[in-house]
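Features as listed in TrEMBL:
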TRANSMEM  21-43  transmembrane segment
DOMAIN    21-413  domain 'Major facilitator superfamily (MFS) profile'
TRANSMEM  63-81  transmembrane segment
TRANSMEM  88-106  transmembrane segment
TRANSMEM  118-135  transmembrane segment
TRANSMEM  147-165  transmembrane segment
TRANSMEM  177-196  transmembrane segment
TRANSMEM  217-243  transmembrane segment
TRANSMEM  263-283  transmembrane segment
TRANSMEM  295-316  transmembrane segment
TRANSMEM  322-345  transmembrane segment
TRANSMEM  352-373  transmembrane segment
TRANSMEM  385-402  transmembrane segment
Amino acid sequence: MSARVGAAPAVRAVARSEVAVVTFLAFVSVLMAFGIDAALPAFDELRRDFGLDALGLSPAITGTPYFVGMAIGQLIFGVLADRFGRRPIMMAGLSVYALGALGAASADGLEVLLAGRFVWGIGAAAPAVLRMAIARDLYSGERMARVVSLVTAVFLIGPILVPFIGESILLTGSWRAVFAVAIALAVVALVWAFAFGETLAPELRQPLRLRPISRAFAAVMTTRVTLWTIIAQAFFSAAFFIWLGSAQPVIDRIYGRGAQFTLLFGLSGLGMAIALLVNNRLIARFGVRPMAIRAAWVFVVAGLAGLVVALAWGGVPPLWAWFAWAVVANAMTMIMTPMCAALALGPMADQAGMAGAVLGLGQLGAGSLLAALVDARIGETVTPMLVGATGFGIAGLGALMWSGRGDPTPSHA
């Protein structure tokens, strides 16, 4: 099965198999996640090097600049990609990614490290937003949701393998070597992006002027299904970022199982990958929107059940009970990502870059900031984690149900 894009001969001549599309988008997605997952096992050594032990800081101190950079970068790259095409902007973003990783790897102070992480995140925004825009260029509707689900399933090899890779590098090198690997991967992705080619037809490119950009942004913000699905995704992303920012200190400090963190983190990633593969089949049978609502309900019910158990155990339930909740919750938030993308970008064929940018801004910007409010309150119990994630899930479910049934006309927000 191949994908042909656009109506212009220069674009139409590029034919790609679905396997080639999924493989490329999955690789750049893994690259995006490498900046998060590889840094987690390196945090203890990094914390000692920069004297963070006395401050009692969590991995969120290095993760938040990365997420904020990604949020800001997606808006920039999304607009530019609608004007100049996907390939040159992807390559520019990957170059920024490598420069940010280089800056972080060579940092001799905390401020320089955080600045490098911020620039690194800006670069990671390019694959984050363009994987959705490229998928929308080539596919639509349920097929787009299935392709993005496959991309995300392959991408989830990252949380399973990357922490182990990071630990393996740490056996013979330092945290700087872990960051250096990210630079090498960015170079590989840069070459691959050049070979992959362009997917946006010239006649669909938007002028880089304030009025067309404002119109594209207004179209996103006034299309009911797009706007409210983006809001829903922001809340579910916030719930997931609570896990990313707090899993390591919860497992280490509350449960005293720091040595098992990489294994548990990988098992969670495996659960997410399995859920995506199963969901890929269910989408074809039941449709995108019904499956998204069902996943949201499962998340909320699991959160309420987990909260009851946590309160019954004084805020520290058995590790297996807390981890069972985390696996289910993470699986549901992960399968929401491709479905929300398909629902939000469906009506936005001419503004896929802008819509993907706003989706990413909500997902990473609002999501990481909301999660940071919860991460700061996690101390000796997991209760704040469950309260925050479940509350965000309820808000996300409400936004998703309010989004309607996908009416693409921009007058229903």
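Here, residue 1 is simply the first one shown, and the rest follow in order.
A Cβ is built for glycine as well, from the same backbone N, Cα and C atoms used for every other residue.
Note that the structure is a prediction, hence the values are computed from the model and not measured.
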Per-region confidence, the domain 'Major facilitator superfamily (MFS) profile' (21-413) (mean pLDDT, whole number): 84
Sequence-remote partners of the transmembrane segment (88-106) [C-beta within less than 8 Å, at least six residues beyond its ends]: 28, 31, 35, 69, 73, 77, 80-81, 112-113, 115-127, 130, 176, 179-180, 182-183, 186-187, 189-190, 193-194
Long-range neighbours of the transmembrane segment (21-43), counting only residues six or more past its ends (CB under 8 A): 3, 59, 62-63, 66, 70, 90, 94, 97, 101, 117, 120-121, 124, 127-128, 130-131, 134-135, 138, 147, 150-152, 154-155, 157-159, 162-163, 165-167, 170, 175, 178-179, 181-182, 185-186, 188-189, 192-193, 196, 244, 248, 261-262, 265
Region pair the transmembrane segment (385-402) / the transmembrane segment (63-81), three or more CB pairs under 8 Å: no
